[in-house]
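Below is one structure; the comments refer to it alone.
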């Protein structure tokens, strides 16, 4: 219904609409009732001026010539750059268009330019000027003093409006202009809300919307590796919608969290900006502050940061309202240093610089605010009616812009000119369509320019702007996103300036190396809630704040599988040094050079040498009485077992493989089995002889050397049978035991290469030999009463007692270290040393005395007189009486007689069978004189 309303249908309806607009858009807005400024010139004579340029077609202009006033005053200080520069840019563009014979030939553009005073409610009232020509005044009830009807001054008919700067002002004005179908082109309003073509269908802009700007700022934050920032917005459409767009993008993309989102009130109370700084410091880690604020608020925020001694703390990221302007940072260079700002991509218009530098009081009388600018710019006073109070120097009028004052082209000058040119190009297209070949305005355009027709031509323009960049509009009236990125830097010469550090055109291009920071440190400053976790640490995110986390170390055998999780390495692997992956656990074995191996090998080598020496000695003196009396055959069996006990050390230390593991199984218990089977047979024989002698003079059965060998090898075969069964049920193979040295510290973990021999299998393998050893010890105890001079029972007994002590010590050491990280070393060393010590005890107690007699006392190694078995047994039972007599005999003499008597008995029995006659089991032996 709103679009079908015709403004010219009724004067009463138009008056109602005007009244409705003026009241609704000023009184109903927040704070408007207290801020509403009367348009009566007497109420505000200083700011009731406007600029009017005559022309065939009149364009409206809205510029923030003055800042927002304080304490109810509508307008404040003059804005030299944002106001005067932009205003002059519009008039300069109109001058160029009017001089251009190709663009709108024979048509002169005029202008009606108003001051918005940077306040939306004031701008709304001022903009009613643009629609006055569309409202017919009802003068039927009004008469002059002479009775004549009144004569109304015909207002200018505005066909299009250039402006406004602030988004809040543009939104307010756009709501009025759309009612009267007046197109509007803004040069600085960037609020995303204005892209809504259903509400602001007559609004266009030559600058990109804040949705692009917010994306640019987000890309900058991401490139700087900041993930925790605060936002600060001026109350109003521009600030609030910009921050809202930034927050929305941060939610969609993730990775950036908003610490605080603060808003600057339209009418800030005293101390408001100090309070904002204190609020920002509550989240001090969020050093980056995203600012969508107007120029005045930016200046006051920087001043508050300076007052609160926060120079260098905050990392400002400013929107295009900051851009490359000088006014917000004047006097506050230190606190603004390092600020990153963005500005729609632009280039300085050199022609405007020449134009503006040539302006003076005498040649620029059309600008009603130029005198005030002159006083402000040159810090002087123009006569008695000057605007600046105080005793300032008097202006001469001969001052020159850029010579007697600093000058830098304001950043939006290009866009002001592009907006004017866009309107001119649209009018030119419209003129070609409706007035083709007609010089000047044809009646169709002279009487009325249809706003909808003009809007369609505006959206269709495509030309190179004043800076050479294309000027186009999309279906929503928005310009494409093209931005320059600046940083406010202070050089070594203490010169503060904005420097271009990058650009954004659908993608960020940032020169990080060109950035400078207050600390002088080239590294990027941080604005993060939590520092990045180190390698091997996972993030434990704080609930509700995804950018804040605690770092937890992946402990034990866990590695960092992802940013937020730790996982357990496979059993045969451990975390690498950084805990970002898994590596195989090193595999070790007992090395020959290890101290755990050197000692057993040394003992084993000594034992092998000693055993070999004894064997060689016995072989060399094989027929001597001492060797013969020692049961030669059994001695060789026993010495073989001792040799194997020493030799098993080398198999236990060798690198495990199938062959080594097979030999370990065979020889691990075989050496002990040889030794203790032989000793058991000998002790059993002695026991049976003396037990039999107590009952009769008949010799026991199976005491001959052949019988003894059969018994010994029968006992040994049981061990071999068990080994063969073990081979059949569980073939030998190697394993890598990762549990044996799986320490709490994964870096110390090792896999142990070893034969697959469990503790139970080891006990079973050695168990039989230990059983033989225990049985032998029992017999040694039983024969302990036999006199030493009659047999070897006591040396064997001492051997077995010592051996039992060794193995009793071995058991707790071997099994007590099963949980130790050094288990392999301790158990292997303990086992091999125990075997070597056992062999050494047997070798030392049983054979070293004999070797000593053989080599060093040959006089005692002589045959003795043979006696009958009965005599020997009788002598044994009367040991007490033979003590003195036996003292004169060498070691082993009685044993020699006993053994030789046994041999004689065996030979006589075999002879009796051959000769079939009975003989006694004892014979005479040659009497050898005692030495």
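First residue shown is number 1, and so on along the chain.
Glycine too: its Cβ is placed from the backbone N, Cα and C atoms.
TrEMBL annotations:
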{"type": "SIGNAL", "residues": "1-34", "note": "signal peptide"}
{"type": "TRANSMEM", "residues": "596-622", "note": "transmembrane segment"}
{"type": "DOMAIN", "residues": "596-870", "note": "domain 'G-protein coupled receptors family 3 profile'"}
{"type": "TRANSMEM", "residues": "634-653", "note": "transmembrane segment"}
{"type": "TRANSMEM", "residues": "665-681", "note": "transmembrane segment"}
{"type": "TRANSMEM", "residues": "702-728", "note": "transmembrane segment"}
{"type": "TRANSMEM", "residues": "760-781", "note": "transmembrane segment"}
{"type": "TRANSMEM", "residues": "793-815", "note": "transmembrane segment"}
{"type": "TRANSMEM", "residues": "835-856", "note": "transmembrane segment"}
{"type": "REGION", "residues": "881-931", "note": "region 'Disordered'"}
{"type": "COMPBIAS", "residues": "886-898", "note": "compositional bias 'Basic and acidic residues'"}
{"type": "COMPBIAS", "residues": "910-920", "note": "compositional bias 'Basic residues'"}
{"type": "COMPBIAS", "residues": "921-931", "note": "compositional bias 'Basic and acidic residues'"}
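Taking Cβ pairs closer than 8 Å, the transmembrane segment (760-781) reaches residues 665, 668-669, 672-673, 676-677, 679-680, 683-684, 686-687, 715, 718-719, 722-723, 726, 730, 793, 796-797, 799-801, 803-804, 807 in its own chain, all 6 or more past its ends. If you look at the transmembrane segment (702-728) against the transmembrane segment (634-653), you find at least three C-beta pairs under 8 angstroms, all six or more positions apart, and that counts as contact. At the 8 Å Cβ cutoff, the transmembrane segment (596-622) and the transmembrane segment (793-815) share fewer than 3 close pairs (sequence separation 6 or more) and do not count as touching.
When Cβ-Cβ distances below 8 Å are used as the criterion, the transmembrane segment (835-856) is approached by residues 600, 603-604, 607, 610-611, 613-614, 617-618, 621, 624, 626-627, 630, 635, 638-639, 641-643, 645-646, 648-649, 671-672, 675, 679, 792, 795-796, 798-799, 802-803, 806-807, 890-892 of the same chain, each at least six residues removed from its ends.
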